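Novice: Okay, here's the structure, questions in a sec.
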């Protein structure tokens with residue numbers, strides 16, 4: 001087996017170890033594999049100097065000193081890389097500089113003729129260490145760039161050798177940097193997916209627990225209020241009707257009707273909002289359906305319901321409200337307007353500070369989570385207007401954009 005073949009085999013072993021680590025979704029095994037690779041490479045370089053390449057060196061004693069420096073630096077980097085906080089560009093840059101300096105010392109240690117037939121530098125396969133370190137820490141691009149730097153130094157040492165011999169090591173170093181960087185990126189993605197799966201599972205379990213508790217308590221009370229209100233008639237009947245609406249909405253929520261995993265299809269927002277229409281609430285919708293992802297439509301409907309609840313709670317029985325749904329090319333806009341007394345300046349901030357979170361959580365919070373915005377315009381004696389805007393790109397079960405929520409008075 002040739003020296004370059006041995007070098008190739010060792011790096012392939014390292015890449016295989018990195019692949020196994022990536023499947024476990026953690027980067028730490030990659031760093032441990034790198035430490036093993038570097039220690040094995042130091043041993044391999046020492047064996048070559050003792051039994052294979054000794055005749056190629058004009059200064060074998062100094063070559064042993066270089067081997068000792070390599071061993072010491074391997075210990076230093078292994079200890080330093082053991083803690084993620086220490087894996088800084090400064091340390092990785094120092095690792096690269098030390099490795100390149102040791103590589104280039106080969107020109108002072110070997111006979112000039114040694115490079116003609118492609119003798120390995122004194123570092124042997126150890127020179128791939130910083131390439132793999134940069135790839136693990138910063139990914140494919142960094143691994144490829146550092147691989148090019150080390151490959152350039154290796155190519156300079158073998159400039160008098162045959163072109164194919166000089167290119168073998170250079171290409172191998174670059175490919176190692178790219179491959180391990182790619183595996184490191186996959187490892188990070190797999191770890192993130194596992195974390196998300198764990199969070200979803202925990203949320204599902206908590207949802208099931210809450211559903212059981214709510215079913216055994218709140219839903220039973222709401223059903224009783226609805227039944228007794230219908231029996232009593234009059235104002236109690238209206239109270240019973242509202243209790244029935246809340247019972248249905250709560251059953252849908254805890255029953256998973258709008259669970260993100262199930263809401264892959266589109267839902268007509270108008271069909272969700274229209275049941276809130278009463279003799280004091282007028283709802284205007286476009287003729288075509290306003291389609292949104294199921295979870296987004298449910299959350300937007302809940303925000304509309306929260307705004308209407310605020311009108312009933314704070315503006316009196318005679319206050320009227322109007323809901324307008326507009327389907328624009330890039331967003332869905334829902335406007336809730338009432339003819340109530342309006343909101344005094346600073347009242348919303350006082351309510352939030354006092355722990356009354358109807359607007360900040362039920363309206364703004366929902367739109368913020370969806371990647372939309374909630375704008376509240378109000379003046380004393382002129383009623384209140386709540387404008388909910390949901391961008392089309394955010395109308396899916398999971399939104400990534402940040403919302404903007406502001407108040408104009």
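For all residues, glycine too, the Cβ spot is worked out from N, Cα and C.
Annotated domain 'DUF5931' per TrEMBL: 22-184, in sequence order. Residues annotated as domain 'Histidine kinase/HSP90-like ATPase' in TrEMBL: 299-393. Annotated signal peptide per TrEMBL: 1-20, in sequence order. According to TrEMBL, the feature transmembrane segment maps to 30-49, 61-82, 88-109, 116-136, 165-184.
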Novice: Over the domain 'Histidine kinase/HSP90-like ATPase' (299-393), what is the model's average pLDDT?
Specialist: 83
Novice: Which range wins on Cβ pairs under 8 Å with the transmembrane segment (30-49): 61-82, 88-109, 116-136, 165-184?
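Specialist: Most Cβ pairs under 8 Å with the transmembrane segment (30-49) come from 116-136.
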Novice: Based on Cβ pairs under 8 Å, which of the stretches 61-82, 116-136, 165-184 lies most in contact with the transmembrane segment (88-109)?
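Specialist: Counting Cβ pairs under 8 Å, the winner is 116-136.
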